[in-house]
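Down below is the structure, laid out as structure tokens.
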Amino acid sequence: MANVVVIGAQWGDEGKGKITDLLSRSADVVVRYQGGVNAGHTIVVDDKVLKLHLIPSGILYKNKTCLIGSGTVVDPKILLKEIDMLIDNEIDISGLKLSSTSHVTMPYHRILDEAMEADRGSNKIGTTGRGIGPTYADKSQRNGIRVRDLLNKERLRDVIEIPLREKNGLLEKIYGIKPLKTEDIVEEYLDYGERLSKHVVDCTRTIHSASKNKKNILFEGAQGTLLDLDHGTYPFVTSSNPISGGACIGAGVGPTLIDRVIGVAKAYTTRVGEGPFPTELQGSINDQLCDRGSEFGTTTGRRRRCGWFDGVIGKYAVSVNGLDCLAVTKLDVLDELDEIQVCIAYDLDGERIDYFPTNSDDLKKCKPIFKKLKGWQCSTANCRNLSDLPQNAMNYLRFLAELMEVPIAIVSLGANRDQTIVIEDPIHGPKRALLR
């Protein structure tokens, strides 16, 4: 038995969906432990492109328990759309489970998210406008609505009274928006609750039962390390904890239950929205990476900012997550480049530093110090073994592993499942040196 956490080692969009889908074959239970519909992952199966925001990637395999954990925030309207999409594609959803204590994104959360972001003007943080931040804020203020509340009319009417009164006051007096009606929301969300009721479970009990029965559990994070509320580039972060420690809180398990942590990183770096980005590129190479990598957000459709691989944030991700190994994705996007650069340190006010400054003002001043490597200028899309890779591609991967001081277990060379080199299965394989 092995319990594995999959995290993003950059600013999200690293390709965690594909890696989680790949590892789900060896897992019995797949748990999404934080975030909401602000995250998105794309999986390509038999030329079918499936885009999911809440449902764990393991749903595409039969006989898997796929659990949306207590640390998530759930927009039931979008969740039901995902369920319908999967049913339309003849995918069995009987293994889908939803924590009764997950908090629910309500209509006023989405409206407030958009209004607050617009009000920030030039100081906007780049929110997706899906209501995630306001939902987590209500959770922290003990003013939130949980999935269990959608299963009882009187309960829902009771718990919604205070937050709706507060939110209507904000909508009317601050933003000049028409207030929402209690009955409209209650009826709509009771309907959602009824449709979702057969999936609702006690999250912690479900996971601990699986663990007791020696099942393999895969914990799936959303977003990435640099978007972590406490350890990311604050305030340009998400409202939850995507790092590996967040799996324990969001799923309701102790750290001793985690056997291994795998980080997912692109062979270059991307970021969506606002905030400092030391290795960001401009011009033709930026456009080339964006176009070849299809760098447009699954959730928002926004064009992603592209840059060279940043080893400083990579080493930071290794540290704060306790990474055991790494999955490098989109290596094929670099195929046509004759020269590739990797950031090995920063220049901060004339001083060379090799650590990640968590102060966004300092990070904004950091200038990348690069190491140049030779490109391979040939396609890697059909490589299925390390021996198939061009020598310079191998050199590049080894350099990343040495720089980050963590072995590489998986290399992804395209969107399809089979466009992958699995050096070692992090769930069933022994802990040993992989590609260094």
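From the backbone N, Cα and C atoms, a Cβ is placed for every residue, glycine too.
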Legend entry - From THR128, THR135, the one annotated by Swiss-Prot with ASP13, GLU14, GLY15, LYS16, ASN38, ALA39, GLY40, HIS41, ARG142, GLN223, THR238, ARG302 for IMP: THR128
Legend entry - ASP13 (active site, proton acceptor) to ASN38 (IMP binding site) - Cα separation in whole Å: 11
Legend entry - Rounded Cα separation (Å) that holds between ARG303 (substrate binding site) and THR128 (IMP binding site): 13
Inset, instruction - Compute all pairwise C-alpha distances among ASP13, GLU14, GLY15, LYS16, ASN38, ALA39, GLY40, HIS41, THR128, ARG142, GLN223, THR238, ARG302, the residues listed as binding IMP, and give the largest one in whole angstrom. - result: 34
Inset, instruction - Round to the nearest Å and give the CA-to-CA distance linking LYS18 (GTP binding site) with HIS41 (active site, proton donor). - result: 8
Legend entry - Other CB atoms, at most 10 A from the CB of ARG303 (substrate binding site): 13
